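Working notes, beginning with the structure itself.
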Amino acid sequence: MMMLRFVLTIFLFSSLIFTTSAQTCTQQTLTTNKVFTTCHDLPYLTSYLHWSYDQATGKLDIAFRHTGITSIDKWVSWAINPNNDLTSAMPGAQALVAIPQSNGAPKTYTSSISDYGTTLAEGNISYPITGLTSTYQNNELTIYATLTLPSGTTSLVHLWQDGTVSGSTPQSHAMGNSNTQAKQTLDLVSGASQGGGSSGNSVRRRRNTHGVLNAVSWGLLLPLGAMIARYLKVFQFADPAWFYLHVTCQTSAYIVGVAGWGTGLKLGSDSVGVKYDTHRTLGIIIFCFGTLQVFALLLRPNKDHKIRIYWNIYHYLIGYSTIIISIINIFKGFDALEVSVQDRYNGWKHAYIGIIASLSGIALILEAYTWIIVLRRKRSERNTAHGVNGTNGVNGYGSKTQQV
């Protein structure tokens, strides 16, 4: 039980890390020390938008921040579509572009996007603009500007992107889900957003749910249940409590894991064109192996049955295979996150590594300790057996003495 309390403590601590690892716009301090009235955590590409809007004059002050820019061979942009067309937001978009430089401040300019496949050529945009500048610090690229919108504007369609640079020319952005969905209809007055934003928040919630359910079930409860069966049963006082703890832990892992597996299937069906074949295949294998273990529990023969040894081999092979594949697939899940999103979830990955390392350390200690107990017990049993044999004459001496 001490081991169980220790693992639960680790899990609760890691939950705090999970909760606080992601930045939010309200926690950010802008390098220009400008204060904006409203901000949004944009749902894709680890980006954030801060703004202040004066409806009477149409003045829109913005700060667009994109984190996770670890190379200067990248560009980022924030744009407005003057046609308010969320479906085809890129053609006609009026963009602010920033490219980090090896020396000095980032290159910052405007670009009018005529169609798909743009190289973001420098040019004028349809909005009057002042104060266009940008900063690049701590792998964060932030664009500042003041635009004047048409009179009476209360909402707009905005989009944001990133991509690579070849030489000095921006290349087309990637076509993954994070890039193609990076757009919203934004109410400048109320701060409400629709379209890409609401969809993105839903996807993010389901992705988080999928990850947490599977990490807790297949990645934590399942190894913990195996450790209970392997180590607690060595202690005579824990019999048969260890068995019921083992069954409870593994059954809970299966139930929670099936829920996580279901959310993964839903995520896959909603992400058209985005495929993670290895992650999906391993997930299906884990589900099948877990289901086989449930059936094995229902069909478990008695200890003295002649096929019990074969059932044990089957149970061990499927069980440990499931644990190994589950841990591998959890890391595949971290790798499946878009590159631009991985920084946001690094705290999750590090916390899980800490949990697995702690469980492995505990297992090594218990492995050595329980082997010592087993060897001492066998030695004691042999000594007892020799003492009995010396008394009943099995060794050939006692019986002769009795005959005499």
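The backbone N, Cα and C atoms fix where each Cβ goes, and this holds for glycine too.
Whatever TrEMBL says is automated annotation, not expert-curated.
According to TrEMBL, the protein has these features:
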SIGNAL    1-22  signal peptide
DOMAIN    45-163  domain 'DOMON'
DOMAIN    169-375  domain 'Cytochrome b561'
BINDING   His210, His246, His279, His315  heme b binding site
TRANSMEM  211-229  transmembrane segment
TRANSMEM  241-261  transmembrane segment
TRANSMEM  281-299  transmembrane segment
TRANSMEM  311-331  transmembrane segment
TRANSMEM  351-374  transmembrane segment
Recorded stretch that, among 211-229, 241-261, 311-331, has the most CB pairs under 8 Å to the transmembrane segment (281-299): 311-331
Other parts of the chain folded back onto the transmembrane segment (311-331), taken as Cβ under 8 Å at six or more residues beyond its ends: 214-215, 218-219, 222-223, 226, 279, 282-283, 285-286, 289-290, 292-293, 296, 299-301, 349, 352, 356
Report the mean pLDDT of the predicted model across the domain 'DOMON' (45-163), rounded to a whole number. 92
Using Cβ atoms only, which residues of the same chain lie under 8 Å from His315 (heme b binding site) while being at least 6 residues apart in sequence? Gln293, Ala296
Counts by DSSP class (helix H/G/I, strand E/B, coil) across the domain 'DOMON' (45-163): 0 helix, 63 strand, 56 coil
Including all protein chains displayed, how many Cβ atoms other than that of His246 (heme b binding site) lie within 10 Å of its Cβ? 21
Of all the binding-site residues here, His210, His279, which one's CB has the most other CB atoms within 10 A? His210
